[in-house]
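Here is the structure we will look at.
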Amino acid sequence: MTTTQDWIMIGGYGPESYNQQSSYQRALLEAAKDKMTEAISANLDLDLISNRFIVADFGCASGPNTFVAVQNIIDAVEEKYLRETGQNPEDNIEFQVLFNDLRINDFNTLFQTLPPGRRYFSAGVPGSFFNRVLPKQSFHIAVMSYAFLFTSKIPKGIMDRDSPLWNKDMQCTGFNPAVKKAYLEQYSIDTKNLLDARAEELMPGGLMLLLGSCMRDGVKMSETLKGTVMDFIGESLNDLAQKGVTEQEKVDTFKTSIYFAEQGEIRQIIEENGKFTIEAFEDIIHSKNEFPLDPKTLAISFKALYGAFISAHFGIEVMRKAFELVEVKAREQISRLHKVKPGMQYLIVLRKN
């Protein structure tokens, strides 16, 4: 397998940072708040709520959306406790939140922007969430927001020009069945490892809340808005190579370590793993739909998501030039964006078996 660059978001507070350009992800958390509350109310055993309650966010990035996610959970736990015991949770429960991401994540920005007046203690847990990062039975609820789509490696053969799996695109577009199969197999392996690790770390009866985006069954990545914009990124990098701004070899060897699985594929992987029961698989109505169809907003939003990863391979100036071209392509091909097929924004609730 070929190891990719570590995937992180652009840190800091600048106009290109994830901190400033992640309103789309935050909107899903806000839209899902009521369903998160319902899921915790229905599925969290009151016996788990002791005087110390621990929440863990895996793939927290540098904020601020992680704070929304964990606060949604804490609010729901307190509401359930008050309703079922009649006691004030502030008098009886201390909350701790564990923030996990790769060691090169911008934890400084994360901890400098912790919400004032928060009612929880906090700690950082650096490490890959594909592996164990905590002792057994360390927390009661885990959350992953837009992090349940990564693979740890590029599938073997994808970058080999002599292989039938050679993929000229930077992503898994879905149009080459062999490439899709290779990505799905790698995603399945990595997701199984992730679920195995969380099952060890979760308390018995604990919950995992997964929020993110997937494909509806039968829809190909490049038929969606996200896939189309990623195609624009690849085309822009090729344009820069043709102009001599970067090397064609760098473009040809640049592949993303993400796989937007179909809804049915996700369900099958979880069920075959056997460590969790799917308590809910909800379709969340996102207030911004897929993304706002504004070329500038699209370019800025995708730069926050992919910019650091692209910069690690090409350098920051090439990355910036590429996204300038992405905005141009989005404006020139706006009719194409209006014809894309919808993806799916989801909340998956898993209970540890």
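A Cβ is built for glycine as well, from the same backbone N, Cα and C atoms used for every other residue.
Listed by Swiss-Prot as binding Mg(2+) are Asp252, Phe254; the candidate from Asn167, Asn176, Asn193 that the record includes in that site is Asn167. A sphere of 10 angstroms centred on the C-beta of Asn167 (Mg(2+) binding site) encloses 23 other C-beta atoms. Cα separation, Tyr146 (substrate binding site) to Asn167 (Mg(2+) binding site), rounded: 24 Å. For Phe148 (substrate binding site), applying a Cβ distance below 8 Å and a minimum sequence separation of six or more within one chain yields Thr191, Leu210, Gly212, Ile266, Ile348.
A sphere of 10 angstroms centred on the C-beta of Phe130 (S-adenosyl-L-methionine binding site) encloses 19 other C-beta atoms. Taken residue by residue with DSSP, Asp252 (Mg(2+) binding site) is part of a helix. Listed in sequence order, the residues Ile158, Met159, Lys168, Asp169, Met170, Val251, Thr253, Lys255 complete the 8 Å Cβ shell around the Mg(2+) site centroid, once Asn167, Asp252, Phe254 themselves are left out. In the three-state DSSP classification, Phe130 (S-adenosyl-L-methionine binding site) falls within coil.
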